[in-house]
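A short worksheet on the structure shown next.
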Amino acid sequence: MSLSETTRSPVPLSETRSPTPLLFRRHSSGEIRNIASLSSSLLPAFGTVMGESSVRLKRFVIAPYDRRYRLWQTFLVVLVVYSAWSSPFELAFNKASTGALLPVDLVVDAFFAIDIILTFFVAYLDKSTYLLVEEHKKIAFRYITHLRFPMDVASTLPFQTIYRVITGKMSRGQVFGFLNLLRLWRLRRVSKFFSRLEKDTRFSYFWTRYCKLISVVLFAVHSAGCFYYWLATRYHNSESTWIGANIPDFKSRSIWLGYTYSMYWSIVTVTTVGYGDLHAVNTEEKIFTIFYLLFNIGLTSYLIGNMTNLIVHTAVRTFAMRDSINEILRYAQKNRLPEGLKEQMLAHLTLKFKTAELQQEQVLENLPKAIRSSISQQLFRTTLENTHLLKGVSDDFIVQLVSEIKAEYFPPKVDIVIQNEIPTDFYIIVSGAVDVVTYKNGTEQFLSKLGSQQMFGEIGVIFNIPQPFTVRTKRLSQVVRISHHDFKQLVQPLQEDGKIILTNFIQHLKGLKNEELAEMPLVSEFLDDFISEEDTVNEAGTQDYATQVQQENAIFTTTPALSETPGTRVIIHGYHPDHKPNKGGNAGKLIHLPDSVENLLSIAESKFGKRGTTIIMKDGSQVEDLAALREDDHLYIF
């Protein structure tokens with residue numbers, strides 16, 4: 001039975017499979033537990049059609065990402081490490097290849113022979129269609145016609161054992177030592193193994209790269225030492241060799257003594273220490289040493305480059321922060337900025353780097369909108385629902401709004417909103433606290449303190465007036481920012497939510513301190529008008545439904561963030577310009593110009609308590625087209 005056999009029903013040979021559905025298999029052991037460990041060559045092309053019929057492979061076909069097959073490949077990597085050590089060692093010390101290492105070599109070769117057989121049953125991805133090919137004939141033809149097959153066979157055949165079976169003699173010829181070097185072909189498995197680990201988020205990238213560099217150095221040192229010893233063993237005069245000059249009759253001495261001397265020479269040479277006690281004696285050794293030293297130049301550059309890259313990678317953010325701080329200090333010094341302003345700049349920059357991993361924008365910018373929305377709901381939905389302006393609104397509105405918010409951190413003593421600035425955003429405090437202050441005659445006056453789940457900046461946004469207050473952080477604060485434009489676009493199609501928001505907003509205005517209302521004449525006037533209309537309705541008691549709707553529409557029209565367009569601001573009066581009322585009754589009402597004359601007459605009726613029919617300017621000219629009006633024009637409706 002195959003490792004990935006999941007069904008006994010026959011499947012047409014021409015059928016090909018998309019690999020992706022198998023990522024979600026729960027039967028067999030082909031389950032993918034970590035998609036990050038998959039090679040990119042196993043991922044399907046864009047547009048690949050997937051269906052339930054492609055979940056199962058044919059009988060005796062192994063999925064390349066089958067968990068048991070991947071474990072088998074990892075086990076072979078361990079055997080490759082042995083082959084990488086034994087192949088140069090057996091070339092230098094020929095006695096070992098026919099002694100204790102021979103049975104071990106046969107067992108290792110047997111495992112790789114099994115892998116050759118298994119390869120004939122491993123499905124592959126067609127690079128032109130990126131569909132999983134599981135036809136046995138195509139798999140076999142692809143493997144046999146590839147260079148990989150003859151090299152796999154050549155690196156697996158036990159040539160020395162075959163020679164002994166055929167001739168009945170045990171040969172110690174040099175040719176078998178070189179044939180054993182074909183096993184180094186297996187090293188490509190180690191390279192792929194490390195490449196896969198570097199992409200696997202379950203393993204540290206630093207330590208994976210570090211182990212790879214150590215492995216490269218150890219293999220280079222081991223191979224060079226073995227080759228150098230082999231040069232000494234084949235030289236015609238053993239005393240005229242690097243080791244013969246120090247150890248007479250070294251060929252008859254212990255294998256491990258020769259290996260120790262070889263590794264000592266190789267390590268001293270590769271580290272460029274150069275004690276000089278073991279050095280090249282004859283011409284062949286000198287030539288080999290020259291090439292080995294040249295190789296060491298490249299190896300050293302490779303090691304230094306990789307280690308430097310790993311170290312710099314861990315410190316690059318620190319370097320960037322220090323450079324940015326130095327730039328701010330130079331800028332502040334050249335422009336002679338006050339010490340307090342310079343400290344604010346430094347605090348903001350330091351906080352930016354410290355919270356880089358928490359910044360929502362940088363983390364989410366490459367994710368699809370659906371995932372970003374789900375994350376924002378998880379993090380900020382509760383905060384939005386408990387905010388005074390949004391209490392009681394529908395889930396649909398909250399879901400849409402939470403997708404548009406932007407999260408930010410602010411250090412202590414930093415102005416988030418500045419008095420009289422243009423209102424573009426309003427803010428909700430997630431954590432921390434802020435002070436609301438105003439400036440009178442050049443002096444700063446404290447008004448109130450806001451904490452978690454409270455909002456600021458919304459008055460300027462909803463009334464489309466300059467921000468009435470300065471808002472400054474008391475301590476480290478996290479806030480979410482909502483754009484004026486996004487908020488208006490979301491409210492427009494949701495009439496019921498708009499009414500709830502307006503009701504909440506008016507209740508919030510009623511709860512403001514007198515000191516705060518005194519700084520906002522337009523808001524105070526709006527609130528007075530609303531309260532007077534509310535009292536009129538309560539006193540009448542019998543107002544019909546049509547009049548209620550008319551008043552609600554009038555209120556919506558005068559709050560630009562909840563209406564379709566902000567409109568031009570004009571001042572309306574409820575009398576003829578030639579017939580001014582008594583003192584105290586000639587104050588006009590500042591409104592945003594609606595889109596029609598009928599709506600303007602309705603607003604005037606709600607403001608002055610009587611229905612007008614004529615609209616004229618101060619000079620007596622009659623208004624017929626509202627588009628001709630300009631900002632701050634006075635209109636007289638009677």
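Glycine is treated like the rest: Cβ placed from N, Cα and C.
Now, the feature entries from TrEMBL:
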- 1-19: compositional bias 'Polar residues' (COMPBIAS)
- 389-508: domain 'Cyclic nucleotide-binding' (DOMAIN)
- 569-638: domain 'KHA' (DOMAIN)
- 1-20: region 'Disordered' (REGION)
- 69-86: transmembrane segment (TRANSMEM)
- 106-125: transmembrane segment (TRANSMEM)
- 210-231: transmembrane segment (TRANSMEM)
- 256-275: transmembrane segment (TRANSMEM)
- 287-305: transmembrane segment (TRANSMEM)
Mean pLDDT for the domain 'KHA' (569-638), rounded to an integer? 78
Residues sitting near the transmembrane segment (69-86): Cβ under 8 Å, six or more positions beyond its termini, same chain? 3-4, 62-63, 101, 104-105, 108, 111-112, 115, 118, 122, 180, 183-184, 186-187, 189-190, 193, 219, 222
Using DSSP, how many residues of the domain 'KHA' (569-638) fall into helix, strand and coil, respectively? 15 helix, 16 strand, 39 coil
